[in-house]
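Here is what TrEMBL records for this protein:
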BINDING   GLY165, HIS166, SER167, ILE190, ILE234  NADP(+) binding site
DOMAIN    6-120  domain 'Tetrahydrofolate dehydrogenase/cyclohydrolase catalytic'
DOMAIN    139-281  domain 'Tetrahydrofolate dehydrogenase/cyclohydrolase NAD(P)-binding'
Amino acid sequence: MSGQILTGKEVATKIKQEVKIELEKIKEKGINPKLVAIQVGENSSSQVYLNAQKKNCQTMGILHEVKNLEPDISESELINFIEEMNKDKSVTGIILQLPLPQGMDVRKIQSRISPEKDVEGVNPANLGWIVYGRPLLAPCTALAVKELIYSTGVDLYGKEVVMVGHSDIVGKPVALLLVDKFATVCICHIGTSDKGMLEQHVKRAEILIVAVGKAHLIKGEWIKEGSIVIDVGINKLNDKIVGDVEFETAKEHAGWITPVPGGVGPITTAVLLRNTIIAAKLTSCL
Ligand code: NAD
């Protein structure tokens, strides 16, 4: 058996089409979304992300501005700058580019982004809405994973889901989003591997999601026949970008599997645009 390849392209295109329609509607009502990306110092990998972000916004017709701040800015100065952006009525969405300079408390600073302008869903209030089962502005990657699973048409009710990775913006929110659809969710992490239990958990997953950042951590033979495999990981291996799952062997067992690159990534970008529209609506209702 060879699994269907779940490329993000189709789902991403559909989301972008919906965003375009919604954008036209809110522009007619006088709301003009503007996304501000705050970049502290320079970072080549976040620059790539920034350029893509700008291009996507421009193509869609969403204003995008990058605010470059000096690398030696203090934490309180950065928070003050965020507060300024929170108050600026022309700004409807804020992204704080990571990484921040060493020593800065990322979570503390993210918590100062106004929840209504928090297009990446990293403010504790937005993460809290997921716990309530009422996601408003949830982390883009977590939503992208959910969209991919939905695109298979599989009913989540009672399904055995194994989420490998428990980060605040991927693993934990994905687990919460799926448990609210009554999936049976198990979260694995480094402790699971250290106890030698990862293979055992992965083998019974009807839906497997992996967000770790270790090339080929998940062996192809561990994949349950007919399962859905969503690989969030991005790793460089011998000058190639690969995921956390051994794709070639895994696809022989999976029913559906995402490639890396080209799976989760394109949907994450589309979801960011959708969140930008939601944020613009929320801020204009203030
Ligand atoms: P993270 O780096 O914050 O955390 C890694 C997680 O993996 C932790 O839960 C840790 O306990 C677990 N882990 C580490 N080693 C492990 C092992 N040997 N066995 C089992 N679990 C182990 O995670 P993150 O920020 O969610 O990023 C994970 C990966 O996803 C990275 O490769 C990142 O680049 C990628 N990512 C991709 C997108 C996208 O849009 N495609 C978005 C965000 C992150």
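Don't overthink the numbers, they just go from 1 along the chain as shown.
Cβ coordinates come from backbone N, Cα and C, glycine included.
Predicted automatically and left uncurated, TrEMBL annotations should be read as such.
Taking the features listed in TrEMBL, we show where each one sits on the structure.
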residue : record               : CB count, 10 Å
GLY165  : NADP(+) binding site : 23
HIS166  : NADP(+) binding site : 18
SER167  : NADP(+) binding site : 17
ILE190  : NADP(+) binding site : 13
ILE234  : NADP(+) binding site : 16
Secondary structure composition of the domain 'Tetrahydrofolate dehydrogenase/cyclohydrolase NAD(P)-binding' (139-281) [DSSP: H/G/I, E/B, coil]: 57 helix, 28 strand, 58 coil
NADP(+) binding residues GLY165, HIS166, SER167, ILE190, ILE234: largest Cα-Cα distance, in Å and rounded to whole number: 17
Helix-strand-coil residue split for the domain 'Tetrahydrofolate dehydrogenase/cyclohydrolase catalytic' (6-120), DSSP-based: 58 helix, 19 strand, 38 coil
